[in-house]
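The substrate binding site annotation in Swiss-Prot covers 8-15, 21-22, 60, 87-90, 98, 114-115, 183-184, and the record cites sequence analysis as its basis. Residues annotated as active site, tele-phosphohistidine intermediate in Swiss-Prot, with sequence analysis given as evidence: 9. The active site, proton donor/acceptor feature in Swiss-Prot is assigned to 87. Look at Swiss-Prot and you will find 182 tagged as site 'Transition state stabilizer', backed by sequence analysis.
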């Protein structure tokens, strides 16, 4: 039996402001830092330890991981950063307020953009200042690898192969692994691990900075999963995520 821990980054500044973030490299809010520290304490309390960590190339996930490992006195842990664990790219929606966008386009349309499996939002133009190809961190990527917008299906197409090629061999080698990533890159992985249908994935919401433990059999198939901490707090946090795309009243 293997275990792997997944954790979404703590609340970011744009989560707090209810904005679409995607590949925009915004920082953690004060609350987000506190959430990550709390997650580290919970993991330590429950006896978890790690000897390998994975995260994206976006600071909100990197800092969440750092806070968790620091709290657990595990800062020596090797960390692999990879763009394939980035949040899904929200295209031209990045930087827009979700509630204001819902007021303009309708809550149902925003829910489709946020949670559907195969419908991407409006794409960025390559001349847009938000285009990732302008950033040094993506200089090693081919032009065709840099998204202008993504749906969850696109995110699955980069996250799941990365899991299979890079993470699975390390789990089989006995490494104790934590993956600190994003709402949609983790939804992509959870969809695969739990074999969630394209239609049902719309209802899955992952709360910020709450450790999600997967127990896997010898074939790396999910046997069970559970969040650490208070179940009511987890439920409330999921509801908060689900409500972000609604018109503000």
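Counting begins at 1 with the first residue displayed.
Using the three backbone atoms N, Cα and C, a Cβ is placed for every residue, glycine included.
DSSP classifies residue 8 (substrate binding site) as strand under the three-state reduction.
For residue 22 (substrate binding site), the nearest neighbour among the listed recorded positions (9, 87, 182), judged by C-alpha distance, is 87. In sequence order, the recorded positions near the residue listed as 'active site, tele-phosphohistidine intermediate' (Cα within 10 Å of its Cα) are 182, 183, drawn from 88, 98, 182, 183. Spacing of residue 87 (active site, proton donor/acceptor) relative to residue 11 (substrate binding site) is 14 Å (Cα to Cα, whole number). Straight-line distance linking the Cα atoms of residue 14 (substrate binding site) and residue 182 (site 'Transition state stabilizer'), rounded to a whole number, equals 13 Å. With the fewest other C-beta atoms within 10 Å around its C-beta, 98 stands out among the recorded positions 8, 9, 88, 98. Between the CA atoms of residue 8 (substrate binding site) and residue 182 (site 'Transition state stabilizer') there is a gap of 5 Å, rounded to the nearest whole number. Counting in whole angstrom, residue 88 (substrate binding site) lies 8 from residue 182 (site 'Transition state stabilizer') by their C-alpha atoms.
Sequence-distant neighbours of residue 182 (site 'Transition state stabilizer') (same chain, 6+ apart, CB under 8 A from its CB) are 8, 9, 56, 58, 60, 61, 85, 86, 87, 88.
Each of the binding-site residues 22, 183 was scored by the other Cβ atoms within 10 Å of its Cβ; the lowest score goes to 183.
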